[in-house]
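Under the heading transmembrane segment, TrEMBL lists 20-41, 61-89, 112-139, 160-180, 200-224, 254-276, 296-319. The feature domain 'G-protein coupled receptors family 1 profile' is assigned by TrEMBL to 33-307.
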Amino acid sequence: MEPEGYRCRSSRYIESGQSAVPGSVLFAAGLLGNVLALLLLGQHRRRSRSPGGRPPRVSAFYVLVSGLAVTDLLGKCLLSPIVLAAYAYNRSLSELGPGGRTDGEPGVLCQLFAFLMAFFGLAPTLLLLAMALECWLSLGHPYFYRRHLTRRLGATLGPAAAGLCALFCALPLLGFGVPMQYCPGTWCFIRMAGGGPRQLGFPVLYASLMGLLVLAIGACNVSSMRHLYSMARRQPRRGPPAAAAPRMEELDHLILLGLMTVLFTICSLPLIIRVYMGAFAADFNENADLSALRFLSVNSIVDPWVFIIFRTSFFRMFVRRVCRR
């Protein structure tokens, strides 16, 4: 028996009254924001070039920020065109692509979309955790940081995190979890309510992992704030500006990371709540599930604009004055 409330699970057409305009606007905003963020990161790399044409002195933090921007850009470029194509042809994702192996199984395109949604929801969390650990080590364990954390390590962490994330998110394709089409027929994700442990084990594990990662990021940020506050108390009030430059750079990294973490928590918390409500309270509310999925997708749009706004001199000067006080 099919779970109640999932009326679009087997639909062939998009629900009437739906428009592609919101999706197009969000796609354009995400594409523009991530491209601008990558251009700003490239400009920072050129300005960091050492005299004599030596390689630029770019920190591991900026390598990870670049990886986050690339990940968000790939997510928008892979997911949004599928949604817009479904609107253009007025076909659901299961109908638009090849069919599943059985009658009750969603189409291949729907399964691919569910995998990409899970992957691009989890991969930025791992990158944020790597950024939080980098900031924490640079402030609390500077000797270890300078000895072991390099640009090469930062460039290696991104692909390694992406590979682990892809293996984990591929579990529903192997039978641990059920990909499913959501209304209005342009979204697919893992079924979050109805079924036994084999069907609901993956979404609960996915939400629990995201929740633990958010807690770990928050713990690293709080510890970094403590180290930064201790450094500020030990530093003399009056001294050469060059002595405060490294601390201000770490402050910039910490504030940017904190803003991204708060926004990611706001965007991912509805999905975590909906997964637990669906699994343990049997709450079949497809509209609430769809809102949670949309919140998760908004994170990749907001992240680059936060970075762009933060890079403006006026905003950074305002934040530094607040932190000094």
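Glycine too: its Cβ is placed from the backbone N, Cα and C atoms.
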Surrounding residues of the transmembrane segment (254-276) on its own chain - C-beta under 8 Å, 6+ positions past either end: 65, 68, 121, 124-125, 128, 131-132, 135, 139, 192, 203-204, 206-207, 210-211, 214, 217-218, 221, 224-225, 228, 283, 285, 288-289, 291-293, 295-296, 298-299, 302-303, 306-307, 310, 319, 323
Closest-packing stretch to the transmembrane segment (160-180), where packing means Cβ pairs under 8 Å, from 20-41, 112-139, 200-224: 112-139
Long-range Cβ neighbours of the transmembrane segment (112-139) (under 8 Å; 6 or more residues past either end): 59-61, 64-65, 67-68, 71-72, 74-75, 78-79, 82, 93, 97, 106, 145, 149, 154, 157-158, 161-162, 164-166, 168-170, 172-173, 179-180, 187-190, 206, 209-210, 213-214, 216-217, 220-221, 223-224, 227-228, 231, 250, 253-254, 257, 260-261, 264, 268, 271, 293, 296-297, 299-300, 303
Averaged pLDDT, computed only over the residues in the domain 'G-protein coupled receptors family 1 profile' (33-307): 77
